[in-house]
Amino acid sequence: MAIAGRAALRWGARLPSPGPAAARLCRPAWLPAACGRPYSSRGKEEIDMSTYPVESIRNFSIIAHVDHGKSTLADRLLEITGTISKTDRNKQVLDKLQVERERGITVKAQSASLFYSHEGINYLLNLIDTPGHVDFSYEVSRSLSACQGVILVVDANEGIQAQTVANFYLAFEAQLSIIPVINKIDLKNADPERVEKQIEKLFDIPTDECIRISAKQGTNVEKVLQKVIEKIPPPQCNTADPLKALVFDSTFDHYRGVIANIALFGGEIAKGQKIVSAHTKKRYEVNEVGILTPNEQPTHKLYAGQVGYLIAGMKEVTEAQIGDTLFLYKQPVEPLPGFKSAKPMVFAGMYPIDQTEYNNLKSALERLTLNDSSVTVHRDSSLALGAGWRLGFLGLLHMEVFNQRLEQEYNMSVILTAPTVPYKAVLSSAKLIKEYGKDQITIINPAQFPDKLSVSEYLEPTVLGTIVTPHEYIGKIITLCQDHRAVQKDLLYIDENRVMLKYLFPLNEIVVDFYDALKSLSSGYASFDYEDAGYQSADLIKMDILLNGNPVEELATIIHKDKAYAAGKLLCERLKETIPRQLFEIAIQAAIGKKIIARETLKPYRKNVVAKCYGGDITRRMKLLRRQAEGKRLMRKIGNVEVPRDAFIRVLKRETDK
């Protein structure tokens, strides 16, 4: 039979397709017998999601400070549940972006559905791995909206850090169940008892609730899964209710359009159904639904309480609004509350290096902002740099990562200007109030800064910063904070070695170099986190840069009056290094209104006009030198200084040196 079959294949004849019994016999030896997942003859597993009722579903996130082992724990959970095969190469499986693997940080929240059998019951566990850096806290808050509980991971060596505190309160405010996990107990200097006491003192969680694990070696990780099933409640929803799906994330695929990550808060969804977006009121037909394992796995249906993805022919990036509610056509529901929109903390101008690339960059920006809805985009233009945009980011790392993703994923090189923060001005001029239609305006571009005569007060953004540090560095850190115009709000000893400081900072003071200075002073041991604290009155001024008396709009900055002289002097020195010399003298000045506060002089190229005078009358030499000086004076009057594009890039991209 086997020989006949091979001969038939050699001559191109078709063999009859195997029946169901044959398909069962053909199951490869390497395929695990997964919980309730029958193997199909097409070589793909088909998962019947109806076998997982709401009571056997657990939706949870992993939250922690940077580098405390979230992604490693996620890898072990995927291995234990048979979602991925166990190999030494499983590192950062859920970190799919190139930038995440290069930097070793999580930037984008990723989800995965795990199947786990406990005490004879098959459970569906929906895991969402979240970022740990303060700049990506918006990703964390979005992920928590689709969960009923969290695993709070703390490093057994480092202990509680600033972002641990911030993430705990995000979960606490969302009224989620919290499972404390102490990771890295295999390290030589690990001290889990000390960390347990810190957790009890700060978060009021009893020490006996903490689970000690080593995610790298897999020690006690199974206990975490069992605790998730015992402590985290199932979602409060019903399949009999009308469809109500929350879009908590989305990505763009060049061939299939928008892929929306959804959490079902009621009803069920299947291929072929007509759905409506509560935000855009547009109607779509569902092309595909499925779960992430962690790759896309199509299923027949998704039911209430489950987390998965949906493809419904959304072609425009604006159609998949994060926080939108989807419902069935002619079965409208009350939209879910969605999310508070992210508040940009840092603004920067973005321009294409070549203006012919403008449309390509526009398309790349639209697609990338779909993946990262916390970035705000405003059209902008500059005389020196051409047409571009002013983008709002949640922080400096967020800005760097966004720029890196543009280069890696869309092959776009851009000019990114120096970061600024959004200021406000309370207007007193009736003319300006009528022009803007309001008495308070937000300034994201120094060119829009109104004159002091037409403003009653300026306001600058502030943040409440949390610093966790070993106590021996406390003196240096207090001095650093005072140098950055910070006001101390609280000081608390977490234990005999660690201190938590709370300061009110002007955002402009921490946006560029504060974090680096803090790490340098504390030998890398201090951690920093901040949250928005509103606006406060400040003595702000606009500093202009003049070249031979003409202002250069792109180099104007908004700055606090006390810091103006040092910043002006530094900028003038930098420009002197970068602007090419001319045949006439160039005066580089920093000015506040009509008052010059700093100046550098760029000397001209000079021809030796007296080279041909070998001795003779001195009046001949003086006449030649006078004529040269007059020519240079005339040239200076009519000559314009054009700052080359690369000089702009060098001046704007360098960070302030303190």
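Every residue gets a Cβ built from N, Cα and C, even glycine.
Copied over from TrEMBL:
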DOMAIN    55-236  domain 'Tr-type G'
BINDING   64-71, 129-133, 183-186  GTP binding site
Is it possible to get the count of other C-beta atoms within 10 angstroms of the C-beta of ILE185 (GTP binding site)?
19
Looking only at the domain 'Tr-type G' (55-236), what is the mean pLDDT?
79
Could you work out which of the binding-site residues (ALA64, ASP67, LYS70, THR130) has its C-beta surrounded by the smallest number of other C-beta atoms within 10 A?
ASP67
